[in-house]
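According to TrEMBL, the features are:
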type     : residues                                                        : note
DOMAIN   : 3-274                                                           : domain 'Phosphofructokinase'
BINDING  : 11, 72, 73, 102, 103, 104, 105                                  : ATP binding site
BINDING  : 21, 22, 23, 24, 25, 154, 185, 186, 187, 211, 213, 214, 215      : ADP binding site
BINDING  : 103                                                             : Mg(2+) binding site
BINDING  : 125, 126, 127, 162, 169, 170, 171, 222, 243, 249, 250, 251, 252 : substrate binding site
ACT_SITE : 127                                                             : active site, proton acceptor
Ligand code: F6P
């Protein structure tokens, strides 16, 4: 193998740059040239390629976002778009692709392999919603960002004796809400994986009220929706001053944590090794402390279950 390409696609995630650096440097270490593709799959269709040398990835390990830029590409959903992408890669002498992104990126990777291009996927998304990996690149940083926000909101919540309903990202999954809620000591955590009754949240708040506690943090995953409505119901039932904070895209930015950089470095290196070994359709994951690889199609048919023990623990710790 003489030349591989690398791209970042879908929502950006802190640590994507660290993964890119690992891909480029590992490939060069093994004597392989690397082509960077700008703006994800749309860059494949437009032949938006740049050569990446050792120096091109210097000074990026600590940077959020992705220096390659990213996009969600409509044209790639059509077969003609994908065929064009593969033709462009072949004429540029590209023999394999490393795609860094979430499940949409992985589905795109499967389609490229069907057209003859070997692909290895690296899970990069703040949502942590990818099967066959305990952690995705960017999740830890996003959770730390949310915890930092909870700390700050708690100061003002305490001062004003208010209830704050904080909505966090995660698409259809509650990984960010659960981890940040547990780490931030939230009174209630509302996630799509666990049906909830707003009445139970209110009962808990009132229990706190009866023992003199007038502030609370309620963490809601965006996949549940209705933070405003939940806040309104709490206000009406408990008579407490309530506010809603939607954290939004702040969760996608920032310098990656040490863990995300380490994870990205390990996964980036492994992705290149998989291509060198002749693998054609793999995703990289982590289980315990071991970096693993799985058939992407099979992996996408699996589920990543939320840790219900943590959910129950958070309920016990916030009685
Ligand atoms: O997948 C990452 C993510 O940030 C989700 O948590 C969120 O639902 C979505 O992307 C937002 O996408 P966009 O930036 O395109 O609005």
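Keep in mind that glycine also has a Cβ here, set from the backbone N, Cα and C atoms.
TrEMBL entries are annotated by machine, without manual review.
Mapped onto this structure are the features recorded in TrEMBL.
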residue : record                 : contacts (Cβ under 8 Å, 6+ apart)
23      : ADP binding site       : 4, 6, 34, 98, 100, 122, 268, 269, 271, 272
25      : ADP binding site       : 54, 57
72      : ATP binding site       : 9, 10, 40, 104
102     : ATP binding site       : 10, 11, 123, 124, 125, 127, 129, 130, 136
105     : ATP binding site       : 9, 10, 40, 41, 99, 121, 124
169     : substrate binding site : 126, 127, 142, 176, 222, 247, 248, 251, 252
187     : ADP binding site       : 204, 205, 208, 216, 217, 218, 318
250     : substrate binding site : 145, 149
Task: Of 11, 21, 169, 185, 187, binding-site residues neighbouring ligand 1, Cβ under 6 A - done: 11, 169
Open item on the list: Please report the distance from the Cα of residue 243 (substrate binding site) to the Cα of residue 21 (ADP binding site), rounded to the nearest angstrom.
Closed with: 42
Task: Neighbour-count leader, CB within 10 A, binding-site residues: 103, 127 - done: 127
Open item on the list: I'd like the Cβ neighbour count for residue 104 (ATP binding site), meaning other Cβ atoms within 10 Å of its Cβ, all protein chains included.
Closed with: 18
Task: residue 125 (substrate binding site) CB neighbourhood, other CB atoms within 10 A - done: 28
Open item on the list: Using DSSP and collapsing to three states, where does residue 11 (ATP binding site) fall: helix, strand or coil?
Closed with: coil
- [ ] May I ask which of the binding-site residues 21, 171, 185, 213, 215 is closest to residue 73 (ATP binding site) if we compare their C-alpha atoms?
- [x] 171
TODO: Restricting to the same chain and to sequence separations of six or more, state which residues have a Cβ under 8 Å from that of residue 171 (substrate binding site).
DONE: 127, 129, 222, 223
TODO: For the ATP site as recorded (11, 72, 73, 102, 103, 104, 105), determine the largest distance between any two Cα atoms, in Å, rounded to the nearest integer.
DONE: 14
